[in-house]
Structure formats: structure tokens, C-alpha cells
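Comments concern the structure below.
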């Protein structure tokens, strides 16, 4: 019975549509395959909003954006290259910073300047100054034999953090913009790297400042300041051309001396 109904001719009926043949189906599939595929969500070209984009030209991922792009500034992946250093490289650069008369620190870090020294040397110095500053006041109090009770001063940590981080970040940044304005070829990452490692000598001298002899303390901090200032000034001179910028080199020298005096007066008075 069912076969009899399905076998009836239907081409003469009004509104009937002939069935698609296999050749027509294959042609439609081929055209769909060759079509330019589109994906969702849409992405319009440029910054005009979101629209469709093709699979042939995938959009640039956030990780592929350069640090020069304003979006790359907020991407952690843009800064991973500046921490790609091992222990041997860091130790070598720390030892180089103890040689104030080399003047070749920029040539040693030219291939791979890092921000490791800026962050960890500064952080170590902050904790060392806060801890040893309190210890120095305790030793001086015991040395003088005063009967007043001693207490740990947490304010040393706040002052050390503001002073060291502010100096290590703001001073190189100011020199970078100044030298760019003067037409010199300056690199902010290299400046941060050099100034960061220049603070490492203050970590060692802080332990020597525990000696409860005031004259010896001043001698230690002055020698430390001169060594650190010479390291900064001579390396800064190697990347500055022209005598008209010699004032900037002298200013950098005395800024390091001022930092040394500040450490002595505030934390080891």
C-alpha cells in the first residue's frame, strides 16, 4: 500500500519542486568549501569596532603585540625578555658594578639589558637599610649606656622604600627624557639596569656602617658614595657625546653622593 502511494507521479501537481540531483548537491558543497569562510565574533578592520574576520588572516594575539604598543605596556609578556638572565650573568654584572673605573658596563649589557638588578638590588637594599638602621640605633644605644628602652622603628621601612625605589626609578627616567630632548641616543632600560646595579655597593657598606665609630662611618659612606658615583658618571659618559652634556654627568655624580649622605644621616646617624 505504501509503495503504491510513493510511486504516484507528482510533477504535474501545483507548487511541486523537483528533487535535487546528486550533481547539484556536489556542486553546492564545492562552492561552500571554496567560499571565504568567516568566523564569529566579528572584527572590523582598524579600530572602528568589531566585525567579521577571515580565517586566512587571523588577528594579532595580545602576546604578539610589541611593548611599543600602548596595549603591550600592560602585558607581562612584553617584559619577560628583561628578566631572561641566569645567576652567572647577574653575579658578573654585580662584580662589574664594584669596579667604578671600568666605564664599559653598557657594552657588557648591550646584548641583554635586564631589570632584575633594578628590582632585586633595590628591594634588598630597602630591607637591609630598614633592618640594619634599627640595629645600628640599638648598638649605639648600648654603646653610650643610655637607660632608655629601645624599640623597633617601622618608619625606617617606609622611608627606605620611598627613597630607594623613587631614586632608582625616577632619576634614570629623568635622564632618559632629558637626553632624548637633547638629541642623544639614550635607552631607558639600560639606564634602569645601570642605576639598579650601582646600588649594590650600598648593601655591603651598610653592614660596615654598624661599626659604632662615627668617624669611621663617615669614611665608609664617603668612599662608597664616590665609588658608586664614579661608576654611574663614567658609564654615563660613554653613551653621551659632546661637551655640552658634561653638566648632566657631573649632576649624576653628585646625585649618587647625595644618596650616600642621605643613607648615612637617616639610617646610621
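We count from 1, first residue shown onward.
Even glycines carry a Cβ here, placed using N, Cα and C.
In TrEMBL, the feature region 'Disordered' is placed on 1-30, out of the ranges 1-30, 31-60. Ranges compared are 86-106, 191-211, and TrEMBL records transmembrane segment for 191-211.
Across all of the domain 'Yip1' (99-263), the predicted model scores a mean pLDDT of 89.
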